[in-house]
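Peer 1: Structure incoming, see below.
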Amino acid sequence: MQAPSIGGVSVPRGDGKTIVQIRQGASISDFADKINANPASLVTVLFHLGEMATATQSLDEDTFKVLGTELGYDIRMVSPEEEERELFDSFNIDLETGIEGEDDDDLEARPPVVTVMGHVDHGKTRLLDAIRNEEVAAGEAGGITQHIGAYQIHKEHEGVERAITFIDTPGHEAFTAMRARGAKVTDIAILVVAADDGVMPQTIEALNHAQAADVPIVVAVNKIDVEGANPSKIRQQLTEYNLVAEEYGGETMFVDVSAKQGENIDALLEAVLLTADAALDLRANSDRDARGIAIEANLDKGRGATATVLIQSGTLRVGDAIVAGSAHGRVRAMLDEHGNQVAEAYPSRPVQVLGLSSVPRAGDTFVVAPDDRTARQIAEKREAADRQASLAKARKRISLEDLNEALAAGKVDTLNLILKGDVSGSVEALEDALLQIDVGDEVDLRIIDRGVGAITLNNINLAMASDAIIIGFNVRAEGQNAEVAEREGVEIRYYSVIYQAIDEIEQALKGMLKPEFEEVELGSAQIREIFRSSKFGNIAGSIVRSGEIRRGTKARITRNGVVVAENVDIAGLRRFKDDVTEVREGFECGINLGSYNDLQLEDLITTYEMREKPRA
Ligand SMILES: Nc1nc2c(ncn2[C@@H]2O[C@H](COP(=O)(O)OP(=O)(O)OP(=O)(O)O)[C@@H](O)[C@H]2O)c(=O)[nH]1
């Protein structure tokens with residue numbers, strides 16, 4: 001509220017009860033910052049009250065109180081230590097902005113937030129477009145749609161206009177990556193399955209991710225316009241994964257759609273609302289400072305750092321000081337999915353925010369701070385805490401070795417496993433055998449994902465998000481993926497014999513796991529040329545990718561992440577014409593693998609040795 005005040009200057013006024021917290025030693029500028037006023041106006045007001053001061057001069061408590069009373073603010077002086085403590089509490093907010101702790105009367109219904117997931121080419125993007133077009137066709141949308149990472153549509157449901165928010169980066173990578181960072185944005189997942197193709201590996205992966213996050217699923221059986229489409233087969237196939245269609249007595253809504261022809265999209269939206277109403281209590285308090293999650297962020301040439309944030313509770317307004325991850329700033333403008341300016345954003349509303357100091361990461365939480373200075377301090381503290389946390393994280397996650405201790409201490413009651421193997425037969429056999437283990441009453445052993453092929457970043461993200469251990473059966477995590485797992489402290493255990501895997505997990509559950517040796521990777525090299533010589537055996541012309549390759553060590557050969565041979569001898573090593581004992585990263589060399597001859601270009605030769613494991 002602006003009001004002409006003493007001396008004809010205009011200052012935003014409080015109502016006499018508005019509390020303003022001021023740190024001891026603060027200046028007029030600091031106060032001006034908090035009430036969004038021009039420091040020079042405050043100097044003028046103070047002058048008319050008979051006090052002379054410059055904007056940067058610090059004032060005593062009495063002077064602040066006089067000034068506060070004049071302007072309608074209740075001034076509370078705090079020590080720097082108190083302020084520090086409060087700051088810490090406010091940046092250390094719960095990542096899950098649940099409705100616990102909120103007064104029931106303050107809660108209002110909020111729209112569901114939906115993510116579309118499914119196998120490649122099953123029509124995720126097309127479906128997101130069709131949903132958007134439905135709105136345009138109904139003449140409700142204004143302007144051209146822009147990609148900001150999410151959009152909201154409106155739909156009439158039982159006589160009431162309801163909104164639904166869609167995250168429009170399709171795929172579960174985004175979903176899982178955000179969840180791995182502790183952010184839960186999705187209320188409902190639409191699982192797209194093409195009726196002419198059926199349930200595919202990524203369909204299963206997507207549903208595993210949603211189920212692991214306890215997110216209800218609505219199935220969109222897509223491409224029903226295609227000849228030979230068989231929607232009832234999809235229903236049948238998904239029953240195996242605990243998604244039983246309502247019409248078969250289950251709880252999951254299946255809707256047959258054609259994203260291409262825009263057919264039945266309305267029914268799909270209806271199913272989303274019905275599922276939300278039946279399974280979830282989606283409410284939020286909009287009458288408080290906003291908080292939420294950054295779902296996408298960019299550095300724009302003209303506009304600087306922009307971030308699309310999803311409000312989870314409260315109301316975000318232009319002019320609010322905010323912190324998003326370790327970025328901070330004042331909301332200069334907010335844009336919706338049509339590029340229109342928005343002055344206020346309520347829970348579940350995605351808006352693109354302009355005015356941040358730097359680009360936050362997807363999944364970062366944002367909060368409104370009392371003023372710019374506090375926002376900056378919170379951002380700095382978060383950055384420091386982030387650094388600390390990434391140091392501590394590696395030790396925090398679950399490992400098979402300390403599982404029993406964690407179980408005994410009541411820290412965990414579930415062992416989540418992700419199985420990856422070279423062929424589906426071995427994965428199934430391993431899964432069957434694992435599920436036979438007698439785990440007793442206290443522990444729940446869950447296999448949250450399984451699949452064929454190398455261990456992917458997505459597997460590691462899911463392990464992070466669900467605190468799972470990854471079992472690699474004749475497959476490995478390579479290169480960057482292995483590094484991420486290592487850095488994030490995700491345990492990956494490699495086996496090539498099923499009973500050994502079962503044995504170790506059984507023992508870990510009983511607290512008897514005493515691994516004495518561990519495998520230490522020495523280096524890896526990639527094959528670029530193959531020379532076959534009857535005299536010297538096979539020579540693999542290779543480049544050392546990491547560590548070093550040493551003569552006389554043992555190697556494993558992998559092809560696209562799948563193990564093709566173990567225990568191969570590095571029989572000889574040459575650089576140009578010289579025999580050498582070792583070759584370091586970045587150098588080329590000829591590796592003699594003796595009589596072993598199943599080699600292909602691009603194969604990875606990884607050398608390792610067994611070392612005694614230091615006791616924790
Ligand atoms: N006939 C028919 N074709 C469809 C339908 N929906 C999508 N398609 C087509 O299927 C192909 C893949 O659709 P996308 O929307 O790109 O699939 P996606 O799941 O987003 O694919 P990725 O982003 O690659 O994972 C495109 O050629 C679409 O035109 C449909 O309902 N009917």
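Every residue, even glycine, has its Cβ placed from backbone N, Cα and C.
Just so you know, TrEMBL annotations are computer predictions that nobody has curated.
Features from TrEMBL:
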- 109-280: domain 'Tr-type G' (DOMAIN)
- 118-125, 168-172, 222-225: GTP binding site (BINDING)
Peer 1: Taking ligand 1 as the reference, state which of the binding-site residues K124, T169, I224 have a Cβ closer than 6 Å to one of its atoms.
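Peer 2: Those binding-site residues that pass the cut-off, since their Cβ is under 6 Å from ligand 1, are K124.
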Peer 1: According to DSSP, collapsed to three classes, what secondary structure does G118 (GTP binding site) have?
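Peer 2: Its secondary structure by DSSP: strand.
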Peer 1: Where's the emptiest Cβ shell within 10 Å among the binding-site residues G118, D121, K124?
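Peer 2: If we count Cβ atoms within 10 Å for the binding-site residues G118, D121, K124, the smallest count is at D121.
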Peer 1: Averaged over the whole of the domain 'Tr-type G' (109-280), what is the pLDDT?
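Peer 2: Summing pLDDT over the domain 'Tr-type G' (109-280) and dividing by its length gives 87.
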Peer 1: Reduced to three states, what secondary structure does DSSP give K124 (GTP binding site)?
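Peer 2: K124 (GTP binding site) sits in a helix per DSSP.
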Peer 1: So if I draw a 10 Å sphere around the Cβ of T169 (GTP binding site), how many other Cβ atoms end up inside it?
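Peer 2: Total other Cβ atoms inside 10 Å, all chains included: 20.
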